[in-house]
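Per TrEMBL, these features apply:
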type	residues	note
DOMAIN	1-382	domain 'Major facilitator superfamily (MFS) profile'
TRANSMEM	14-39	transmembrane segment
TRANSMEM	51-72	transmembrane segment
TRANSMEM	78-96	transmembrane segment
TRANSMEM	196-215	transmembrane segment
TRANSMEM	244-262	transmembrane segment
TRANSMEM	269-286	transmembrane segment
TRANSMEM	292-316	transmembrane segment
TRANSMEM	328-352	transmembrane segment
TRANSMEM	358-379	transmembrane segment
Amino acid sequence: MAAAGFLSSFSPSYTWLIILRCLVGLGLGGGPVLASWYLEFIPAPSRGTWMVVFSAFWTVGTIFEASLAWLVMPRLGWRWLLAFSSIPSSLLLLFYRWTSESPRYLILQGRKAEALSILEKIARMNGTQLPPGDLSSELDTELEENKNLPTEKTLLLKPGEVGEAVLVSKTVLPADKEAGFSLLALLSPTLINRTLLLWVVFFGNAFAYYGVVLLTTELTSSHNRCYPTEKKLLNSNDVNYRDVFIASFAEVPGLLLSAAMVDRLGRKVSMASMLFTCCFFLLPLLSHQSPFITTALLFGGRICISAAFTVVYIYAPEIYPTAVRTTGVGVASSVGRIGGVLCPLVAVGLVHGCHQTIAVLLFEIVILVSGICVCLFPFETSGRDLTDSISASKESPSASV
């Protein structure tokens with residue numbers, strides 16, 4: 001991402017710019033790994049709050065990039081903006097030497113000595129000691145339970161009894177081994193319900209989030225030929241960057257709201273209430289409003305959708321076991337990107353065609369369906385322990401002690 005981002009500032013043609021920006025997007029697609037990795041270090045009672053803190057740096061980056069664009073674009077142009085924007089991702093490489101592997105992952109891989117070393121380091125940094133006992137995972141428990149189950153060589157009839165000896169066709173293995181940790185495991189009978197619901201919610205959140213961002217520019221633009229504003233602004237480029245900068249601050253109260261709700265009310269209530277409230281803010285935009293009211297409504301809508309988006313990134317890794325956690329969140333995030341790709345056709349295409357009512361109605365429907373899907377999620381994860389294996393996910397995770 002860092003290399004492609006820097007090289008894109010030297011693009012000799014539009015084609016090369018597209019190719020290099022696609023490589024930037026490829027690197028950016030590794031983001032869900034960070035969320036899953038971070039989640040596996042946090043104690044269950046405060047997991048929601050600390051995940052909101054983690055998500056806050058997305059907003060910090062958004063505000064920083066909007067500030068950079070506002071300062072650089074009018075003076076130096078887009079090439080310098082892309083070059084400067086590649087610096088933060090380059091600096092990230094310096095920190096990976098101090099990044100510890102997830103102990104949960106190491107235990108599932110049978111690397112218990114490495115996991116124990118990391119946990120001892122964490123205990124020393126926290127000024128405490130590890131509790132007595134041996135490291136184990138749910139997968140170890142399942143293997144221990146299956147140790148006494150019949151295998152291919154086990155006779156089910158005693159010697160001398162009449163009839164043919166019946167053999168068990170195969171050794172009973174945990175469901176994770178049979179699934180092979182593949183993408184198909186997300187559509188297994190145990191996980192398919194939560195996977196499909198999560199895909200719809202990610203699609204709806206991304207569709208609405210980027211849609212609200214685009215509508216902020218489209219509906220308040222001085223060049224709106226459907227409802228032209230009275231005041232014509234001379235330097236539209238500078239004003240657009242300023243508007244993006246100001247609108248980015250709408251995510252700050254969204255983060256504070258999600259931090260206040262996520263551990264007190266739970267993930268499902270927080271997401272559903274924010275999505276339904278976003279529908280309320282967008283409803284008056286079915287008809288044309290004044291620029292001030294339009295901006296205020298979109299500002300409120302962005303607060304709600306950013307809060308919902310923050311919580312879904314907390315809930316998503318919690319409903320999957322460690323075995324497929326990053327895969328599950330990554331695929332769901334990819335489905336969300338499809339919503340981000342489609343939303344300009346609505347937010348920009350329909351508004352430019354003077355079909356504001358249809359555009360807003362589509363956003364309302366998508367957000368409403370997403371809120372209903374949140375209500376249908378199988379269980380609440382607030383304050384509950386994470387699971388490690390797919391078979392252990394057949395029931396909702398047990399509450400932490």
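Glycine is treated like the rest: Cβ placed from N, Cα and C.
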Which residues, given as numbers and ranges, are at least 6 beyond the ends of the transmembrane segment (328-352) yet have a Cβ under 8 Å from it?
29, 31-33, 35-36, 183, 186, 191, 195, 198-199, 202-211, 214-215, 218-219, 224, 226, 313, 316-317, 319-320, 358-359, 362-363, 366
Where else in the chain does the transmembrane segment (269-286) make close Cβ contacts, counting only residues six or more beyond its ends and a cut-off under 8 Å?
201, 204-205, 208, 212, 215, 219, 257-258, 261-262, 293-294, 297-298, 300-301, 304-305, 307-308, 311-312, 315, 356-357, 360-361, 363-364, 367-368, 370-371, 374-375
Count the Cβ pairs between the transmembrane segment (51-72) and the transmembrane segment (292-316) that lie under 8 angstroms and are 6 or more residues apart in sequence, then report whether there are at least 3.
yes
Are there residues at least six beyond either end of the transmembrane segment (358-379) with Cβ under 8 Å to its Cβ atoms? List them, or say none.
193-194, 197-198, 200-201, 203-205, 207-208, 211-212, 215, 268, 271-272, 275-276, 278-279, 282-283, 285-286, 305, 315, 319, 339, 346-347, 350-351, 396-397
Give the nonlocal contacts of the transmembrane segment (14-39) in its own chain as ranges (CB under 8 Å, at least six residues past its ends).
1-2, 4-5, 7-8, 47, 51, 54, 89, 102, 313-314, 317-318, 325-326, 329-330, 333-334, 386
